[in-house]
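Feature annotation from Swiss-Prot assigns signal peptide to 1-38; the stated evidence is sequence analysis. Sequence annotations record features per position, and here Swiss-Prot assigns domain '4Fe-4S Mo/W bis-MGD-type' to 41-97. The [4Fe-4S] cluster binding site annotation in Swiss-Prot covers CYS48, CYS51, CYS55, CYS83, and the record cites sequence analysis as its basis. Taken from Swiss-Prot, the feature Mo-bis(molybdopterin guanine dinucleotide) binding site covers LYS85, GLN152, ASN177, CYS181, 214-221, 245-249, 264-266, MET375, GLN379, ASN485, 511-512, LYS534, ASP561, 721-730, ASN805, LYS822. Here Swiss-Prot flags TRP797 as substrate binding site, drawing on sequence analysis.
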Amino acid sequence: MSMARRDFIKQTAAAAAATVAGVPLTGYTQNIVTESEAAKLKWSKAPCRFCGTGCGVNVAVKDNQVVATHGDFNAEVNKGLNCVKGYFLSKIMYGSDRLTQPLLRIKDGKYAKDGEFAPVSWDQAFDVMAEQFKRVLKDKGPEAVGMFGSGQWTVWEGYAALKLMKAGFRTNNLDPNARHCMASAAVGFMRTFGADEPMGCYDDIENADAFVLWGSNMAEMHPILWTRVTDRRLSAPATKVAVLSTFEHRSYELADLTLTFEPQSDLAILNYIANHIIRTKRVNRDFVDKHTVFREGNADIGYGLRPEHPLQQAARNAGDAGGSKPITFDDFARFVSKYDLEYTAKLSGVPKNRLEELAELYADPKVRVTSFWTMGFNQHTRGVWCNNMVYNIHLLTGKISTPGNSPFSLTGQPSACGTAREVGTFSHRLPADLVVTNPEHRRHAEEIWKLPDGTIPSKVGAHAVLQNRMLKDGKINAYWVMVNNNMQAAANLMNEGLPGYRNPENFIVVSDAYPTVTTLSADLILPAAMWVEKEGAYGNAERRTQFWHQLVDAPGQARSDLWQLVEFSKRFKVEEVWPADLLAKKPEYRGKTLYDVLFANGKVNQFPNTELDPEYANQEAQAFGFYLQKGLFEEYAEFGRGHGHDLAPFDVYHKARGLRWPVVDGKETLWRYREGSDPYVKPGTGFQFYGNPDGKAVIFALPYEPPPEAPDKEYPFWLSTGRVLEHWHSGSMTRRVPELYKAFPEAVCFMHPDDAQALGVRRGVEVEVVSRRGKMRTRVETRGRDKPPRGLVFVPWFDAGQLINKVTLDATDPISFQTDFKKCAVKIVKV
């Protein structure tokens with residue numbers, strides 16, 4: 001089969017997307033504007049607002065409103081293409097129920113937890129908010145304050161939040177919603193390579209001979225990257241595509257090899273491949289001997305449940321989940337030898353010939369393999385292990401850090417990499433892979449921030465799941481949520497999420513652009529600017545940092561998260577939040593506000609507004625009197641320059657279509673850790689995994705372990721949750737786009753037809769999905785894109801009217817603390 005690239009682009013990017021979504025694209029797909037009236041539009045560049053692919057778009061503005069967008073032909077990521085969500089970017093900011101003023105729960109003229117929402121001014125909102133935060137800080141200390149942020153924060157918004165929480169309020173109770181999606185990937189990188197984020201880039205796609213998808217439906221979740229994979233598959237017929245999943249989905253349509261496996265058995269399959277490589281003598285011994293070491297990880301590590309849970313009580317190594325010990329290659333070979341073809345086929349349910357064919361793709365030294373994975377790996381009670389184990393395979397064969405040979409973790413949010421991971425908005429991190437538990441790292445941050453020694457606390461803060469538990473238990477009492485919808489996204493939300501938000505002891509603030517399940521659970525709602533209503537920067541999955549200008553004003557009184565964070569800092573005198581002994585080390589800070597110390601510190605405020613581009617507005621710069629974004633970025637960039645995370649100067653990014661770090665002497669890095677590509681690799685070494693002190697990557701011996709909950713007689717089905725092409729995350733933006741809403745208006749329960757028949761239900765019939773934790777009502781779907789095997793159901797989570805996370809289990813990976821949304825036990829009950 002052959003297809004011209006032009007035809008491929010037309011059919012894949014437009015027709016296929018439209019067919020899947022059921023959306024007429026007439027008027028939205030035309031990239032060349034010829035109408036005279038339309039030609040008066042002002043066009044500017046920006047990265048897409050949705051997933052972590054980082055597509056470039058051109059944005060048209062007229063009369064202070066975004067009126068059109070199209071794929072940016074000059075963007076290397078997408079080369080002019082858009083997915084169906086990208087086609088409708090111009091509509092995401094203009095839902096009729098946009099939040100435009102602060103709303104506070106009021107009763108009898110004053111704030112009350114049981115009050116009704118009423119409009120207030122920003123001053124009133126911040127007065128009440130500051131009063132509540134100061135009360136908690138005084139009564140309980142900084143550990144009773146928390147913030148839940150986002151992989152959708154811009155780089156400088158995340159950096160400002162990091163400074164406010166970890167240096168200002170002196171608490172590490174800051175975590176992003178990327179904990180739900182990328183924590184296992186980040187910890188996997190750190191354990192194997194000593195440094196976070198992929199070594200490869202999207203150029204691997206055009207150089208690979210085989211693609212293996214592990215728990216990733218790229219056709220719907222990363223459709224533009226999927227068009228590039230499809231292009232490679234069709235233009236190079238020898239290229240193979242293998243897809244592994246617990247149920248059949250759209251990505252199966254391109255696959256040469258499909259493997260539908262029993263949930264959790266991917267662990268065994270990964271070990272089988274390693275065993276096959278060793279047994280057939282295809283180990284790249286020269287690479288392995290020079291560039292790797294072997295360790296055996298602790299097993300029986302529990303499931304991240306509450307400490308009193310029986311499974312946690314029974315786990316032998318729950319207190320040292322990330323521990324490991326050194327072993328030899330021979331020890332590793334013996335360890336994986338158990339995972340032979342017979343055992344793995346029986347455990348996984350995958351036919352032997354398919355397992356062998358998959359293993360051969362990795363084992364064949366002539367085949368360049370790129371592995372892609374997303375939530376199927378990461379949202380897993382052994383997600384860190386999955387990440388480590390796929391690296392094992394690439395390291396054993398030396399298929400890493402060269403064009404086409406790449407283990408590639410894909411991200412789901414536009415700046416889960418650039419903000420959550422690189423900036424370090426996790427409860428244990430600081431910028432550029434630094435961590436709060438390392439005293440040298442803390443001192444380095446304090447020096448850059450011009451703070452006294454001991455400002456940053458050494459104790460790891462509460463991660464996302466623990467934050468909900470602490471809110472419920474009354475241990476966190478002042479809490480700020482920004483750019484996420486956790487009361488729709490959190491597992492076991494009715495038992496472990498909502499009770500904490502409505503706990504009478506707690507004051508909950510939610511900043512968002514639209515009403516959501518989470519805003520309705522709050523005490524104070526702050527209206528947020530979104531996307532091109534502010535100047536921003538995102539970092540995508542291939543380490544590409546991209547900037548955009550503010551193109552339009554936010555409606556009403558909506559303000560950016562950056563403005564909210566920085567303005568709120570003015571409400572606190574240093575004496576109100578720091579102990580006397582700390583302040584004594586910097587007596588010149590006495591009487592100053594956190595704003596003075598953190599943001600008007602002589603570094604962040606060093607760039608005057610005369611450096612602004614006169615073509616564009618910048619509300620934050622006008623509000624504070626200096627180029628705030630540039631000051632924050634340049635201070636943040638100090639952490640990474642010279643340390644393998646080099647960023648280019650601020651002004652460069654507004655001209656470029658993004659650059660992949662490390663950027664050294666103006667040159668971006670495509671493949672890390674390889675001599676000749678990565679400037680940090682010493683000449684003569686070939687490869688150098690310099691994140692680890694010895695320059696070597698770690699190959700981990702890790703076992704198969706069962707999930708915490710599996711189907712039984714009472715709850716006979718596996719439940720998996722996830723996304724669909726038309727909607728993004730909780731749907732708070734995409735469900736307000738009429739075309740996307742109509743294409744997929746509500747969630748359904750995808751089920752095998754034979755299971756439906758056995759239950760006496762038909763397509764479209766209402767059922768309840770019931771677990772040990774809760775239940776929700778939806779309709780049965782036995783046809784369409786997702787085709788579960790018997791015994792498994794799939795329910796998307798985008799629908800605020802059908803909260804599937806009432807049902808899910810709040811078990812996490814005990815190392816990364818990322819939730820497993822992909823497997824728990826349920827029963828289906830006809831209504």
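The chain as shown is numbered from 1 upward.
Heads up, the Cβ atoms here are built off N, Cα and C, so glycines get one too.
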CYS48, CYS51, CYS55, CYS83 excluded, remaining Cβ within 8 Å of their centroid ([4Fe-4S] cluster): PHE50, THR53, GLY54, ASN78, ASN82, LYS85, GLY86, PRO223, ILE224
Collapsed DSSP category at MET375 (Mo-bis(molybdopterin guanine dinucleotide) binding site): helix
Counts by DSSP class (helix H/G/I, strand E/B, coil) across the domain '4Fe-4S Mo/W bis-MGD-type' (41-97): 7 helix, 20 strand, 30 coil
From binding-site residues CYS48, CYS51, CYS55, CYS83, TRP797, the one whose Cα lies nearest GLU248 (Mo-bis(molybdopterin guanine dinucleotide) binding site): TRP797
Euclidean distance between Cα atoms of CYS51 ([4Fe-4S] cluster binding site) and LYS534 (Mo-bis(molybdopterin guanine dinucleotide) binding site), Å: 19
Cα-Cα distance linking TRP797 (substrate binding site) and HIS729 (Mo-bis(molybdopterin guanine dinucleotide) binding site), given in Å to the nearest integer: 7
10 Å Cα neighbourhood of TRP797 (substrate binding site): matching binding-site residues from CYS51, CYS55, LYS85, VAL724: VAL724
Local backbone state of GLU220 (Mo-bis(molybdopterin guanine dinucleotide) binding site), from DSSP in three classes: helix
Cα distance (Å, whole number) from CYS83 ([4Fe-4S] cluster binding site) to MET375 (Mo-bis(molybdopterin guanine dinucleotide) binding site): 20
Cα proximity to CYS48 ([4Fe-4S] cluster binding site), best match among binding-site residues LYS85, GLY215, GLU220, VAL724: LYS85
